[in-house]
């Protein structure tokens with residue numbers, strides 16, 4: 001598989017009309033995140049309420065329809081696709097879509113990857129590798145099994161560890177994602193860093209984002225990563241490096257471990273100026289920005305005709321509405337989310 005990780009790998013040949021999707025601010029849209037389901041087998045406190053109401057299954061696009069949509073985006077210049085959720089691996093027959101997309105690697109698509117909570121990885125790791133998946137993100141906010149249960153509500157820490165083991169054994173590279181939560185896991189980040197780097201994994205820490213009504217108070221959870229970095233620099237030597245994965249993280253090298261640590265800071269230092277992505281939901285709704293409510297309905301165009309001309313027109317129109325930046329802000333006055341939909345709808 002050709003990869004686009006850092007400066008390694010060779011990108012697949014590009015057509016003469018490569019990167020035809022250019023937004024109003026001159027940014028090429030080359031990255032599609034596909035939320036294949038809003039359902040999850042965890043109920044992480046910063047992501048969703050414990051008693052969630054999920055989309056009726058009849059409202060979901062079929063996997064064949066999602067494949068067709070992804071193919072349309074690849075034809076329009078998308079080079080990287082990430083499957084997300086909810087938890088993508090709980091979608092019934094999800095490996096069908098993975099297999100179909102895997103066939104497009106080297107034929108327009110450079111990379112297929114996914115973000116997962118790890119709970120289903122032990123069952124799917126080998127097949128993911130066989131389909132061309134070479135790296136994944138695993139969400140892990142703590143190494144303490146009791147705290148893990150508290151934050152995920154329903155999660156089994158041992159199953160996630162089994163999944164990480166299985167993925168690494170299969171040859172898949174892993175990046176751990178940890179949401180930094182004040183008073184909960186901020187003191188644990190050094191341990192997460194050592195754990196990740198000790199197993200050859202990158203670690204990225206993320207500021208909590210104000211999306212959807214949850215049971216917790218985000219104003220209590222929010223931790224600026226500038227503060228976290230200052231605390232880490234009391235223990236580690238952090239050197240800024242020019243390392244890119246196509247995402248918003250800014251990376252440092254941890255001299256004591258030799259590993260990489262990423263910071264995703266939507267609240268304190270947004271990454272909008274280099275945004276190269278759009279987000280497709282399992283119902284065919286396209287969000288041009290994670291932190292805005294504007295969206296385009298692609299399902300109608302998809303189902304109107306078997307020809308893709310109308311679909312391509314709908315995609316083009318949507319890209320013209322991609323905003324300059326998001327509207328994230330922690331509202332300490334009213335304690336309400338900046339965006340009403342939950343993270344599980346658009347997949348981060």
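Every residue gets a Cβ built from N, Cα and C, even glycine.
So that you can see what the record holds, here are the features copied from Swiss-Prot:
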| type | residues | note |
| --- | --- | --- |
| DOMAIN | 24-242 | domain 'Radical SAM core' |
| BINDING | 33, 82, 115, 175, 277, 278, 279 | GTP binding site |
| BINDING | 40, 44, 47 | [4Fe-4S] cluster 1 binding site |
| BINDING | 46, 86, 139, 209 | S-adenosyl-L-methionine binding site |
| BINDING | 272, 275, 289 | [4Fe-4S] cluster 2 binding site |
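For the domain 'Radical SAM core' (24-242), the mean pLDDT of the prediction comes to 94.
Sequence-distant neighbours of residue 278 (GTP binding site) (same chain, 6+ residues apart, CB-CB distance under 8 A): 29, 31, 32, 33, 286, 287, 288, 318, 319, 322. All chains included, 24 other C-beta atoms sit within 10 angstroms of the C-beta of residue 289 ([4Fe-4S] cluster 2 binding site). Around residue 279 (GTP binding site), taking its Cβ as the centre, 22 other Cβ atoms fall within 10 Å, counting all chains. The separation of residue 289 ([4Fe-4S] cluster 2 binding site) from residue 279 (GTP binding site), Cα to Cα, is 7 Å. In this structure the C-alpha atoms belonging to residue 86 (S-adenosyl-L-methionine binding site) and residue 40 ([4Fe-4S] cluster 1 binding site) are separated by 5 Å. Calculated from their C-alpha atoms, the gap between residue 209 (S-adenosyl-L-methionine binding site) and residue 47 ([4Fe-4S] cluster 1 binding site) amounts to 9 Å.
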